[in-house]
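Peer 1: Feature list, courtesy of Swiss-Prot:
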type     : residues                           : note
BINDING  : 17-26, 108, 135-136, 210, 248, 358 : substrate binding site
REGION   : 17-37                              : region 'Disordered'
ACT_SITE : 172                                : active site
ACT_SITE : 246                                : active site
ACT_SITE : 364                                : active site, nucleophile
């Protein structure tokens, strides 16, 4: 079984809308000009780098934005141009919400369980409903369509519908999920949550907790996971209030290794004790304290929103944002991870600033899917990374993406036409078929 990182292509409407309360980077860059072409090329460069390390790499397409489907559902009628013009005039905030390129953060696209862990021996995928934020909730339908197109062979894959789109079952996807495993032990799934729909638990006071316990429990049932191999740790309210709106802002795990901040989970010490019992002596964890790495620095530099990757030689490497190198406390923590008795032997720093400015580091940009060779062969879409695909996608970006996008540019109907033209071509490049509503 091999891990594949399905990275989200940054969409043509990448902009700084400041749409997510609790996402400090998003709020601090609101209204600034963005650079969609650079953003997409930075994402492709990360894919190239990860693939060159010998790690499985694939791609997921962006979604059509502005979402004319969503705007029409909100009462704007007429031609595409009339819908956009009227929304810009009457409810500019709705145009911003429906123009977000946030689907690039595919860690929120779905939660995935490998066939080795599921009762029916299939890979299970559930698109996240993302119901807490409107600009993200409108992604779920298209995500479901895309995943069904890629993972279409029902002998190997079970693609579920998103959980019911209510606050009771608010689901943020794999950004709150970690799978750990050691040789000779069953994989352990951490399905974290920040609040409960029915239980009285202490929550954050400054920023909203997005994922519910009930959603995490439903995912475990849908994916047919053994109850003994699932843990439901609560996100630390203080961590959420510091800006860790998803678990992957303060924790990241891979196979037998977990690195986390002490504010990632309530009772992290108790959680680690249970993990050692379930995973055995090969399990390794490194904890950053508030004294060593203040939460504000962790949220600013995103050392935990790194990718921890298993290399072909069995060692691990961290792919971190360049901000982690530029922030002394974050850099020193990552250096300690390498120096200690862990599988991690190297840290690589990459420039994904266009995404970071909106609150998304390397880990946000990828969805992990574990596949056997047979399962990999059952996927017929051309989504797996090759140098030839890289060149094709880079050329596609340069042909279709604007160099600079300013807030007022979202009001230009031509932008929607450019995006649909680009995505129509992309579905042919990736051999996806008609996955978008404008293609049907």
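Glycine residues also receive a Cβ, built from the backbone N, Cα and C atoms like all the rest.
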Peer 1: In whole Å, note down how far the CA of residue 246 (active site) lies from the CA of residue 23 (substrate binding site).
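Peer 2: Distance (Cα to Cα, whole Å): 9 Å.
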Peer 1: Cβ atoms within 10 Å, counted per site: which of 19, 364 has the most, among these recorded positions?
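Peer 2: The residue with the most neighbouring Cβ atoms within 10 Å is 364.
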Peer 1: Return the residue, from the listed recorded positions 136, 246, with the maximum count of other C-beta atoms within 10 angstroms of its C-beta.
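Peer 2: That would be 246, with the most Cβ atoms nearby.
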Peer 1: Over all shown protein chains, what is the count of other CB atoms within 10 A of the CB belonging to residue 108 (substrate binding site)?
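Peer 2: By my count, 29.
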Peer 1: Give me the Cα-Cα distance between residue 248 (substrate binding site) and residue 172 (active site), rounded to a whole Å.
Peer 2: 11
Peer 1: At a C-beta cut-off of under 8 Å, are there same-chain residues at least 6 beyond the region 'Disordered' (17-37) that contact it? List them, or none.
Peer 2: 10-11, 96-97, 99-102, 133, 135, 206-208, 210, 240, 243, 245, 299-300, 354, 356-359, 397-398, 401-407
Peer 1: Does anything in the same chain, at least 6 positions from residue 172 (active site), have a Cβ under 8 Å from its Cβ, and if so what?
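Peer 2: Counting only residues 6 or more apart in sequence, the Cβ neighbours of residue 172 (active site) under 8 Å are 108, 128, 130, 132, 210, 211, 246.
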Peer 1: Residue counts in helix (H, G, I), strand (E, B) and coil for the region 'Disordered' (17-37), per DSSP?
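Peer 2: Looking at the region 'Disordered' (17-37) with DSSP, the answer is 7 helix, 1 strand, 13 coil.
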Peer 1: Could you tell me which of these binding-site residues, 17, 248, has the greatest number of Cβ atoms within 10 Å of its own Cβ?
Peer 2: 248
Peer 1: Tell me the Cβ neighbour count for residue 23 (substrate binding site), meaning other Cβ atoms within 10 Å of its Cβ, over all protein chains shown.
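Peer 2: By my count, 22.
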